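The following features are taken from TrEMBL:
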DOMAIN    118-299  domain 'Malic enzyme N-terminal'
ACT_SITE  Y141  active site, proton donor
BINDING   R194, N449, N493  (S)-malate binding site
ACT_SITE  K212  active site, proton acceptor
BINDING   E284, D285, D308  divalent metal cation binding site
DOMAIN    309-562  domain 'Malic enzyme NAD-binding'
Amino acid sequence: MAAVMENEKRNECAVVDDVDGTSTIAGGVQDVYGEDRATEDQLLTPWSVSVASGYTLLRDPHYNKGLAFTEQERDAHYLRGLLPPTVISQATQVKKVIQLIRQYQVPLQKYTAMMDLQLRNERLFYKVLIDHVEELLPVVYTPTVGEACQKYGSIFMRPQGLYISLKEKGKILEVLRNWPEKNIQVIVVTDGERILGLGDLGCQGMGIPVGKLALYTALGGVRPSSCLPITIDVGTNNEKLLNDELYIGLKHRRATGQEYAELLQEFMTAVKQNYGEKILVQFEDFANHNAFDLLEKYRTTHLVFNDDIQGTASVVLAGLVAALKLVGGNLADHKVLFLGAGEAGTGIAELIALEVSKRTNVPVDDVRKNIWLVDSKGLIVSSRKESLQHFKKPWAHEHEPVKELLDCVNKIKPTVLIGTSGQGKTFTKEVVESMASINEKPLILALSNPTSQSECTAEEAYTWSQGRAIFASGSPFSPVEYEGKVFVPGQANNAYIFPGFGLGLLMSGTIRVHDDLLLAASEALASQVTEENYNNGLIYPPFTNIRKISAHIAAGVAAKAYELGLATRLPQPKDLVNFAESCMYTPTYRNYR
């Protein structure tokens, strides 16, 4: 009996010993990588192939064309059977996608559908966005991107950018080299401390750089492979996020002072070391106390641009220049009152002052006296100078203290009212009525994002001013009918400026951002407003022509860069608008051999 058992045991062992590397388990495919035979604690090598074909090609967003692969391409790239048999054009795919997007009622669902498309088929994503830009801009950018950032932890699917946290201190150069694309030209970076008007969203602020760079490509024609979104995670002071088990960032309070400065210094040094002198770094949604300092510190050593300070200023100035055709007079004749004295408010105020000074040859200090700012403590006046942050001090004029906005309007009597406060409903009925009593055509810009934070709605501005206001906002509002007339509100959206501005810097090889480049961008945008736009009360052109507008802005910026000796791409092209258009990425499908 023992002999029989021993013999059976020997046969059993023989069966196991005879298993070779080509055997399969339960009829499955050959385990090439040894994964099925590995125990859970054994280390595996995550192999990959270098040439995309077959299933791999369909999973590569850079090259995937879905049902648009031709019969020849399906044969050449081992796609037979992996796709349904029909072949459809990219135009038909665009139709299909936009129909799907329109079926969703919730904006965040539309956002996730678009982001999913970007991760599946990059060229189709950009084709859909370009062809339906006015409809989809509020989906991939403000206001929906704000909600997306608030919920980024729960909708996070695949990496769309680089996360650099305090854990990477001392290794940032290595982290940059982990990004698969090597020829990076534009970086949009945030630390998530002041996302739109929503406050500190920490690591979840990644939605902003991702969205901004999607617009760099769609609206400015910058190649997607040359764009890199980055979030710097130094912690968050948002208690809700710190206590949220789904939060994807560092769960401790924000690093400040030397620790923060050292991390940013290492980052900026590594960026230049890895990508060269002409890499454009765009700062996004940093809190005031860091935004001004970072811009001031690096503007002389790097090609840096702060969209909240400089981009917002440029687009608002363009609106004011264009509005002169409707309200009359010169820019120097107007008196401007701001609600909000943060990076947006002071940035706009400074650029307006520079433009007026340039046009009139009046010193900037004297021009500033026609521009007034209100912060949370009231009108900024000289008696408050000692307690003001440094960026507010140039705006502290001689005047008695005034606390309420309505009183400020009545005493200052501005022709232009601009909201950059991040506080919704602050342009009350009394404030708008007061502006309308002072001015025949009051210019009212409610710029805070998202829509819920707008100082007033388009309907309120038009109704309370009896249809006389010239209105623009930061987030989009629908057309308003008042006493039988339809008013189309303008949108003072940074997306008008930064894609074309960035393209202008890149195509000219500019090495530093000068304030005159911002003025050139404003003037180029204002020049694109047509008589038809003015007849509709618009001070910004429609987004349907945004790529042509961006080409004109890029040409204006590049021309100024060449004039100032900041451009390095020589010789200067004869026709800068044509050159800008020729530099633009187009998302039509390419044919594969």
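Cβ atoms are placed via backbone N, Cα and C, with glycine included.
Counting only residues at least six positions away in the same chain, the Cβ atoms of T190, D191, G192, E193, R194, I195, L196, G205, I208, D308 sit under 8 Å from the Cβ of D285 (divalent metal cation binding site).
Taking the binding-site residues N449, N493 in turn, the residue surrounded by the fewest other Cβ atoms inside 10 Å of its Cβ turns out to be N449.
Take the mean position of the Cβ atoms of E284, D285, D308, the recorded divalent metal cation site; other residues of that chain with a Cβ within 8 Å of it are T190, R194, I195, I208, F283, F286, A291, N306, D307.
Spanning the residues R194, N449, N493 that the record associates with binding (S)-malate, the maximal Cα-Cα distance equals 18 Å. Between the alpha carbons (Cα) of N449 ((S)-malate binding site) and E284 (divalent metal cation binding site) lies a span of roughly 14 Å. If you measure from the Cα atom of E284 (divalent metal cation binding site) to that of the residue listed as 'active site, proton acceptor', you get 9 Å. The Cβ of Y141 (active site, proton donor) has G211, K212, A214, L215, N493, A495 as same-chain neighbours under 8 Å, each 6 or more residues away in sequence. Each of the binding-site residues E284, D308 was scored by how many other Cβ atoms lie within 10 Å of its Cβ, and the smallest score goes to D308.
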